[in-house]
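Asker: Let me begin by handing over the structure; questions about it come next.
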Amino acid sequence: MGTPQKDVIIKSDAPDTLLLEKHADYIASYGSKKDDYEYCMSEYLRMSGIYWGLTVMDLMGQLHRMNREEILAFIKSCQHECGGISASIGHDPHLLYTLSAVQILTLYDSINVIDVNKVVEYVKGLQKEDGSFAGDIWGEIDTRFSFCAVATLALLGKLDAINVEKAIEFVLSCMNFDGGFGCRPGSESHAGQIYCCTGFLAITSQLHQVNSDLLGWWLCERQLPSGGLNGRPEKLPDVCYSWWVLASLKIIGRLHWIDREKLRNFILACQDEETGGFADRPGDMVDPFHTLFGIAGLSLLGEEQIKPVNPVFCMPEEVLQRVNVQPELVS
């Protein structure tokens, strides 16, 4: 007897319309509750949290409601002497939070708030001989960090600062027989890693190295009867994979292979009608992370109330056009 498929049941009274105003209110109020338990406990990822909040507000046309000057001052205070940027004041710098900070500054057209040359040197210093990147000085290797490195440098116009050819070699060595990618060579394919690797290959103009049909099949297999997407086989659906899977399909030109209407219904069902925001699954607690990726997923599905989102950088297309960064996509 086969393993029962893991999925959720969407109730008949689940939300089926986009509650855009409530989502904007939810994000706008989130950062003002600095004494809340949830806010205090998320300090270790604060920089990414700000990126999630600002990006979703920009996609909804509500960026003006956020405190620009406070955010810029915070980012400036998080850059270390080594050039790297930390999640919060007093924390260690990391490539992930460095990318989040650069994305925020690009949104605000304020990249001069930080020392760009030091950021470039920091990223360059994390590349290893095999082309891979560590996330920080402690040395964890992961294809996520390869993406963070090239995305950061591309936004800064400094991609030539690293050994791009070796970086490409490492990412391609993480490609699996099923067309997907893992965090290191031989690791299991996972939608989050696939997003990072296809995004990396888009930035470095190497998408011709991907078997788009094989990978597209694997990604479409992530859709469950509920319409939601999971990150790998035998897992429950999660709104965040409405981004990781869908953006990957967009990058490789296979977005039309998914059942768009069923996915849209799943995403909408994950809204909280009272507080605003999106949860991972219908009925769960909402948070800014899932709110961004729910809204960004709906943008990829063509939701007209939301600005077009770039599938590689998860930023509004208009922002990438302003800074003249246009990664290659498969048509």
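If you go along the chain as it appears here, the first residue is 1 and each next one adds 1.
Every residue gets a Cβ built from N, Cα and C, even glycine.
On a predicted model such as this, the values are computed, not experimentally measured, just so you know.
These came from Swiss-Prot, pasted as-is:
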- His190, Ala191, Gly192, Tyr241, Ser242, Trp243, Trp244: geranylgeranyl diphosphate binding site (BINDING)
- Gly2: N-acetylglycine (MOD_RES)
- Thr3: phosphothreonine (MOD_RES)
- 20-61: repeat 'PFTB 1' (REPEAT)
- 68-109: repeat 'PFTB 2' (REPEAT)
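Help me picture these features in the structure, burial and contacts included.
Answerer: In the three-state DSSP reading, Ser242 (geranylgeranyl diphosphate binding site) counts as helix. On its own chain, Ser242 (geranylgeranyl diphosphate binding site) has Gly228, Leu229, Leu263, Phe266, Ile267, Phe293, Gly294, Ala296, Gly297, Leu298 as residues at least 6 apart in sequence with a Cβ closer than 8 Å to its own Cβ.
Within 10 Å of the C-beta of Thr3 (phosphothreonine) there are 7 other C-beta atoms, taking all protein chains into account.
Mean pLDDT across the repeat 'PFTB 1' (20-61) comes to 88 in this model.
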Asker: Take the repeat 'PFTB 2' (68-109) and find every residue of the same chain, 6 or more past its ends, with a Cβ under 8 Å from one of its Cβ atoms.
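Answerer: Contacts with the repeat 'PFTB 2' (68-109): 43-48, 50-51, 54-55, 58, 115, 117-123, 125-126, 133-137, 144-145, 148-149, 151-152, 155-156, 313, 315-316, 319, 322-323.
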Asker: Might you list, by sequence position, any residue in that chain lying six or more from Gly192 (geranylgeranyl diphosphate binding site) with a Cβ less than 8 Å away from its Cβ?
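Answerer: Expected: Arg144, Gly231, Trp244.
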Asker: Would you list the other residues of this chain near geranylgeranyl diphosphate - those whose C-beta lies within 8 angstroms of the C-beta centroid of His190, Ala191, Gly192, Tyr241, Ser242, Trp243, Trp244 - in sequence order?
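Answerer: The surrounding set, listed in chain order, is Ile194, Tyr195, Arg222, Leu229, Gly231, Asp238, Cys240, Val245, Ala247, Ser248.
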Asker: Could you tell me which three-state DSSP class Thr3 (phosphothreonine) falls into?
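Answerer: Its secondary structure by DSSP: coil.
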Asker: Name the secondary structure element type, per DSSP in three states, that contains His190 (geranylgeranyl diphosphate binding site).
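Answerer: Coil, per DSSP.
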